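Chemist: Annotation source Swiss-Prot lists FMN binding site at 10, 16, 17, 18, 93, 94, 95, 96, 137, 138, 139, 140, citing sequence analysis.
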């Protein structure tokens, strides 16, 4: 049995296609005996990184209450990531990129000296032994093209903190008519059955 951390980031709630796919996947994993923790980053938004929070994430003795709160939240998010075997990220494409809600999580988790460090050979990720899966939904078709700033970015960030074993599931063409959308969802379900 595995411990899985799922990050949902769609702002569309019940209308979210990535949310429906991830909910089906979570139900199947729980039925197989896995422990799944779901963090809905849109329903419970995290603070947006600003100068005060960024400064506070470095720690120190004279932190403001807001900085102390952000540092404690960052520590909790990192601890949550560390205790799970697998990270699953539901990442819809919004205007060629990831949702702000997901970026907020990244900004609180990617911390020098905590989840990565700089060495003479370059940066080294400190989150080791984890596997990740990205489930990305898009209105158009972007896989493997220069317009996909979701998957390459997320793989870079995850690799930077040490998570390099990453599978990707694509649901594309979801705004290109009912038949294309149905095909896109079916393809994603088929991919999930293979990698999930």
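Positions of Cβ are set from backbone N, Cα and C atoms, glycine also.
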Chemist: Relative to the Cβ position of residue 139 (FMN binding site), how many further Cβ atoms are located within 10 Å?
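Modeler: Its Cβ has 17 other Cβ atoms within 10 Å.
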Chemist: Using a Cβ cut-off under 8 Å and a sequence separation of 6 or more, which residues in the same chain sit near residue 17 (FMN binding site)?
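Modeler: Set apart from residue 17 (FMN binding site) by at least 6 residues yet with Cβ under 8 Å, we have 10, 92, 137, 171, 174, 185.
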Chemist: Within a 10 Å radius around the Cβ, which one of these binding-site residues has the most neighbouring Cβ atoms: 10, 95, 137?
Modeler: 137
Chemist: Of all the Cα pairs drawn from 10, 16, 17, 18, 93, 94, 95, 96, 137, 138, 139, 140, the residues the record ties to FMN, which distance is largest, in Å?
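Modeler: The span, Cα to Cα at its widest, is 17 Å.
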Chemist: Around residue 93 (FMN binding site), how many other CB atoms lie within 10 A of its CB?
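Modeler: Excluding its own Cβ, residue 93 (FMN binding site) sees 23 Cβ atoms within 10 Å.
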